[in-house]
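Features as listed in TrEMBL:
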- A:31-166: domain 'Exoribonuclease phosphorolytic' (DOMAIN)
- A:193-256: domain 'Exoribonuclease phosphorolytic' (DOMAIN)
């Protein structure tokens, strides 16, 4: 009976739950799904991380290569993010060039990297004007069940913490680089941006960490990216219903709490990796 | 990529640091030519796909998902002759669309996303090997989409993708005559050429020739064969095929176990 009602009137079905301040999967309105993270599983990548937020699964792999620095900023390196939503993660995506959603997600990740200064691009420069590192961050979604931006940001952060770059010296005489693959060092991660996504229902109710169905029924979405000092790095609100200032403040405080949870999880994982 | 305005722009070109590293020519260690690496297989792990499977053999990690059957796109194909054994005529048979993708971080060198010719060749190989096993006559005018994603290439990638795709089809409940099991082989270069079963990435890089065999274990029929490399006497290739088929048979019990476990999990999770 309930399954029939859900198919015919999904929004009404949902509203019944929201009236009781909970959701069909048993969560409260402000509760996140179980988050798990696995670091360093892909040995061909310089750094990798797999993040699961409930059913949503995202993997991030980072490859570091050499390139000439950009001509207008010869003392900086490159960080090139790319979010891929292949047809295997959900039946709504087709194979071929990146669709709209993938492009939006890629641009969002690029903005987060730029605004939060997670890495100083100057750290990636080896020899100004001649050689610098390029970090290609490829994020692939394996299972799409809503809240992709949170998962991608977390995966990117965890993978960056896992990246080890070999030591490079420029040979004075030949002018070529010499790489020592045996000596590797971690990147200097300055801030830890964490994203928190919300969905707006009926222009008033805010729920945290929407699943795929909830995103579909929502009238708007909002993503807030905070770093550890409670500084706002990025706010992503692509249209949808309007929000009052008070609600926005609410979201930001929820984002601060989420940041603490995520940071704790990541520190535990990194500690367990290092102790191996 | 210069023309690709859908992705974030990076530098025009970049080189991997391995090019500048001090010489590290590791030759692959000698080993028993008939050893198969231990395999971890799991079916039914993606929530959004009808059927899915993950296969890990040594360093090779492949994820495969199946969706459909849905209505076939494109105009009707002309009526062809009915297949052997009373199968539905060609115009009414279902289609199998395969897609093979390599993650950019899967190999030693980063490969930018539009994969190009190699991925298409492997996708076609997947389709040719899976078609004999699937009862496409039971899905008239429908198409089944199989997408394989290679997360890490540790050698024998096509073989692993074949096996994962067959497991995913079985997990999706698609009617099949039999599973398809894939096995990779490679031949060591000149002094004493021997065929190695289930090569690692290092062995494949140093190989003179490579072969992938796909077998339907219960029916004992070869579903697909793809080989390339330096030529050799026919007996050598025939021996390699025989070795590959043996390898596939040895792999079969693991896959059966995996499907049984997945079915149990589904049974336990579904509310009756």
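Backbone N, Cα and C atoms are what each Cβ position is placed from, and that goes for glycine too.
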*Of the residues in the domain 'Exoribonuclease phosphorolytic' (A:193-256), how many are helix, strand and coil by DSSP?*
18 helix, 24 strand, 22 coil
*Check the domain 'Exoribonuclease phosphorolytic' (A:31-166) for me and report the mean pLDDT.*
92
_With helix taken as DSSP H, G or I, strand as E or B and everything else coil, how many residues of the domain 'Exoribonuclease phosphorolytic' (A:31-166) land in each class?_
36 helix, 50 strand, 50 coil
